[in-house]
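Positions annotated as domain 'SIS' by TrEMBL: 36-179. Annotation comment: TrEMBL describes K54, E106, E147, H188 as site 'Catalytically relevant'. Here TrEMBL flags H77 as Zn(2+) binding site. The annotation domain 'CBS' is assigned in TrEMBL to 204-262, 268-319.
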Amino acid sequence: MTKPTDHTATAARVLITEAEALKTLAAGLPDDFARCIDTILTLPGRVVLAGIGKSGHVARKIASTLASTGTPAFFVHPAEASHGDLGMVTPGDLCILLSNSGETAELRDLIAHCARFGIPLAGMSRNPDSALMQAAGFRLTIPDLPEACAIGMAPTTSTTLMMGLGDALAVALMEARRFRAEEFRAFHPGGKLGAQLTQVRQVMHGADRLPLVTEETPMTQAILTMTAGGFGIAAVVDGQGDLKGVVSDGDLRRHMAGLMDRRAGEICSRHPVTATPDMLAAEALAILNRNKITVLIVCQGARPVGILHLHDLLRLGVM
């Protein structure tokens, strides 16, 4: 029986092999890579990806990554394409076909369709002399390196290289489009990622829940306002409604002597950390953690417009 330590040695060898392959690719990106990016940026249609087997799985993932990062894209199965789905690939699109050997028979109809209708074709393969790469206007050649498995046949290194090159395409397009986190959030409303990309304005308590006092408010009244608010804090504002400080439970403890004879302006902490309505929930959580506090006043300029508690973020799923 194989010893458990042999398994970890195998795993390490595989990962090192694939990592070295990615370094090789990074050091010698395909000559057509930048030209392909420029073409996609001016494309009136969509990016269509296709492949069979493991290459098909990679193509499907690349299509998904492109679509979620600002580049309209979809996957079409080559077999289905040959039975009617070729109509999904139209002039104005760009087709990226993946095949390790470049000789996948099931891709022939897609290649011919692109040629017939003048649809730009990019090929991703390790074989620059293959039928696919000879037909492609953009040759996204990956290094011809050994697979990571012992028999050298299971798609491992080759699929890693295809996946990496697909990710490189997607991120290069993101940066060229100046794709913003707000746009990313629109495509990822669910799960933890969606929660992290939620804006503070969508989760904060509004102005009607703000426990507000003025600098001249007696502490006897300020404490009642804090208690009624339920956030353990009161926002101190001036006559124009601009934030001047906050009174927290910690401030009460620090000024116990003669507390009831003083005013909020004497007790409050000046220049408190705040959030803005457009800030991402994940950013607000980072501020809370960094400052070891549980509540943020949300301000538009100097004017308080809401309040955010740590529990609001935790309920949303921001971790």
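The backbone N, Cα and C atoms fix where each Cβ goes, glycine too.
Overlay of TrEMBL feature records on the structure.
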{"residue": "K54", "record": "site 'Catalytically relevant'", "contacts (Cβ under 8 Å, 6+ apart)": "N100, P155, T159"}
{"residue": "H77", "record": "Zn(2+) binding site", "contacts (Cβ under 8 Å, 6+ apart)": "A50, G56, D85"}
{"residue": "E106", "record": "site 'Catalytically relevant'", "contacts (Cβ under 8 Å, 6+ apart)": "I52, P78, A79, S82"}
{"residue": "E147", "record": "site 'Catalytically relevant'", "contacts (Cβ under 8 Å, 6+ apart)": "M153, A154, P155, T156, T157, S158"}
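Mapped onto DSSP classes, the domain 'CBS' (204-262) shows 23 helix, 17 strand, 19 coil.
For the domain 'SIS' (36-179), the model's pLDDT averages out at 96. Applying DSSP to the domain 'CBS' (268-319) sorts its residues as follows: 18 helix, 18 strand, 16 coil. For the domain 'SIS' (36-179), the number of residues in each DSSP class (helix H, G, I; strand E, B; coil) is 68 helix, 24 strand, 52 coil.
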